[in-house]
Each structure stands twice: as structure tokens, then as C-alpha cells.
Amino acid sequence: MGIVCFWSNRGYAWLILQRFGKFRNVNNVAKFACLNASLAWLTSTECIMAASLEVGTISIMTGSDDLKTEDTGDESVEDTKDDLKKDQGSEEDEPAEEPREPRIRETPEDIKLDAIVNTLAFHPKQDIFAAGDIDGDIYVYSYSCTEGESKELWSSGHHLKSCREVAFSHDGQKLFSVSKDKSVHLMDVEGGKLVTRIAKAHSVPINALLLVDENVLATGDDGGTLKVWDMRKGTSFMDLKHHDDYISGIAIDQAKRMLLTSSGDGTMGVFNIKRRRFELLSEFQSGDLTSVAIMKRGKKVVCGSSEGTMYIFNWNGFGATSDRFAVKAESVDCIVPITDSILCAASMDGVIRAINLLPNRVLGCIGQHVGEPIEQIARSRDSRFLASCAHDQMIKFWDISSLRDMTVSDYRKRKKKDGNLKSLSKKAYGGGDDFFSGLMEETEAKQEEKEEDEGDSDSDSD
């Protein structure tokens, strides 16, 4: 309901507009009312005009003291004024809505970028992460469980082609990145300023990156070449090619002496960084070796493969595997250690699995990008969250805090007939074809199937 008042020296006019939905052209009514108000002023007559939009009529009422209204079936002016006062009073009586407190989530909100994200890395000291995409852009975000507080801090477009890997320095002040454009970049984390650029670090696109210490960087390329750099000089002091295919991952021991590489040629390479020399290659495995990690307090090395098999090597026994087992997944593309015995593995089927080593078990599903191959996973500095990126252009966060306190005994429980993975987080799906998985040692697969039918159980071998 709206009120328009027209005043004159000797009289006044009120236009009362009641909006009930039938009379839509308010401007015409107002113009007609203004015309009548002007006529009333010219004749020195006080008038009141009431326009009812419900029936499309206008009533003109004149008089100085006692106002007489024409009966049009509408509400009187006095009633309308009373209604207005009531409406105003009711609005004043209504308490103002208190601002809603931000919701605290179990994990930070998912983030969607404009392109497929290839790589992720968490800051070692702050709630910050970096991501690189196939367009060569690098984004740095702050993350929080408080809804709406995760935000982009800065972005960089210095790479000319796809950004393959990013890594923070141990003090968190520098960000390293490598790209398909064959360059190595060093940026300032505070503002995203490019500090150092090695334009032609390799002769072919760079695929892998590992920060050895504050000034030493290891890189591996698509041709199988490993280089180790002194970033203070911007030059490499190791340049070795012993793989026949791309280097997919790099790991180093706690003493920072032995450098391990996984390769698409199916071998694991061993390099002595202290003596700056090549040591040996492992025997060839079935399929590409897609990732490498050191587990069991440095006593075991684990490699994922494109065939969905995980290979385990003893330390100082790198020539041949000590154990292997098959994960019922399309592949094991990337692995991240969570504890000495538990790691998270991501696959082309879009599922992130928690896996215990020795005894070898799939513990359950951490999360998923439904139907989308996962490019990389990363663990937060406090081991509370796992972040993942996939072909759906999404960066997702998963709660992995429960894995730290999880223990696995040698006793093998009887498997469920449906074979579905157990959900280890609230965001993980509990079933479906995408999550059919189990873990069986290849040498005992038939024996376990027989024992399940008989209701028996056995233990995994170490």
C-alpha cells in the first residue's frame, strides 16, 4: 500500500493507493489524481482522492471538517489510515533479525577452478595451499572450516603451459613450481612475486619435483632425466638419465642421502645424492610405476602402478620387490603416507582409499570424485585433512584425522559378500559400483576365496 499527498496553500489532497493486484498501471492513476488535486486547489476546495487498485476506481471527496465519501465499496480513508498505522506499528514491534553465525564445517568447502587442477601442496606452517592447473596458472588459497572464509590470496600466470608440480619450502616462504614449458619457477609466497625463473631447465617437459632442502631441488622430466639443482646458483649439479620413460615421482630418505624415482618404464631408480651418482634400477614391473613413498620408518619403499598393483621393496634391497598386492582399482596413480603404516592412494576410478601396509589391507574409502580420474592428493600440515584434485576441476577436502589412531591386527575378518568399501569419512560414499574394492595378495587370492566360503579367516604375511 502506498500513499501520495498533494498539498496546496488552502487545501490538500490525499491519494491512497491500495495494491491488490488488479490495477497494474499505477502511473496513470497517479497522473489522474494529480490532475484532480490541481483542480481542487484552483477552486479553493480541500479534496481527498482515494484510488482503489482492486476495482480500478477513483473516488474524490471534498469538505473542510466533515468529510463525506462516495460509496464505491472500498475501504474509507480513515480505515486506510488506521490500517497504515497498524502496519507501521506491527513492523516496529517485530524484533530485528540477528545476524546468523557462520556455520562450522567438518572440512573446508570444496573449491572449483576454471581448469583441471594437476597439482596440490599444503603450506608447512599456515592454513594455506597452492594449486597448479593445465593452463599454467598457480593459485594460492587460505582454507578454513568456517563457512565462507576460504578465499583466494593470489594467483600467478607466469608458466606458458600446464603446471605439473608445486612445492613449498620448509619455512613456507617460497613456492617452487615446474611446468610443461620446461621451466622451473621460484616465487615469494607472501605476494606471489616471481623471484627466480630457469627458462630451459630441461630439454623436455618437466613432470616431477621434490624439495630436498631450502636450496636444493630435484626435478624429473618426460624423457627420464633426473636433475638436482642448487637454487642459489640456478644451476644443476646432477644430470643423469637412466630411465627410458617419464619420471612420475621422487622421494628421499630422512638422512637426505638416497634419492628414489618411479618411472613409466616400470622401474624404480636409486641415486646417491651425497656422492652425486647413480646406484641402480630395480627389476621391471608390470605397467608404469606411477608414484613412490617411503614407509615403515624408512624400512620399506612402496610404488603404485598403472595396473592397480602396489609393489613393496625392502630398504637396501631395491633390486627386487619383497612383496606385492593388487588393489581392485583401475590404477594406483598417487600415494601419500599418513602414518608409518597407513597411506592414502588415489586412482583413475575417482576413489581415494586408505591402505594399511603389513598386514596389507584396504581400510576403506576416504572420499571420491565420482567418475573422474584423480590427478593428485596432498596431506595438510597437521594430518587432519587430505586434499584431492581431479578432472572435474574441483579441489575437495577430506577428514583423515581418524586414521592416526587406527590400528590393524593380523587377524583377517571375513569379507562382506558385496565387497563394498567402508566409508571412513562422512563425505565418502558407502557403496556403489565405483567403490567396489578389496585387497588381496596375489599369491593367496584363491585360497582366501575358498576360506571365505568355509567361514574361516587367516592372517597376512609380513
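Including glycine, each Cβ sits where the backbone N, Cα and C put it.
Listed in TrEMBL for this protein:
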type	residues	note
COMPBIAS	78-89	compositional bias 'Basic and acidic residues'
COMPBIAS	97-108	compositional bias 'Basic and acidic residues'
COMPBIAS	450-462	compositional bias 'Acidic residues'
REGION	64-108	region 'Disordered'
REGION	423-462	region 'Disordered'
REPEAT	199-239	repeat 'WD'
REPEAT	374-408	repeat 'WD'
(request) Quickly jot the same-chain residues contacting the compositional bias 'Basic and acidic residues' (97-108) by Cβ under 8 Å, restricted to those at least six beyond its ends, or write none. (result) 143-150, 385, 397-399, 426-427
(request) Within the repeat 'WD' (199-239) only, compute the mean pLDDT. (result) 96
(message) Counting by DSSP secondary structure, give me helix, strand and coil numbers for the compositional bias 'Basic and acidic residues' (97-108).
(response) 0 helix, 1 strand, 11 coil
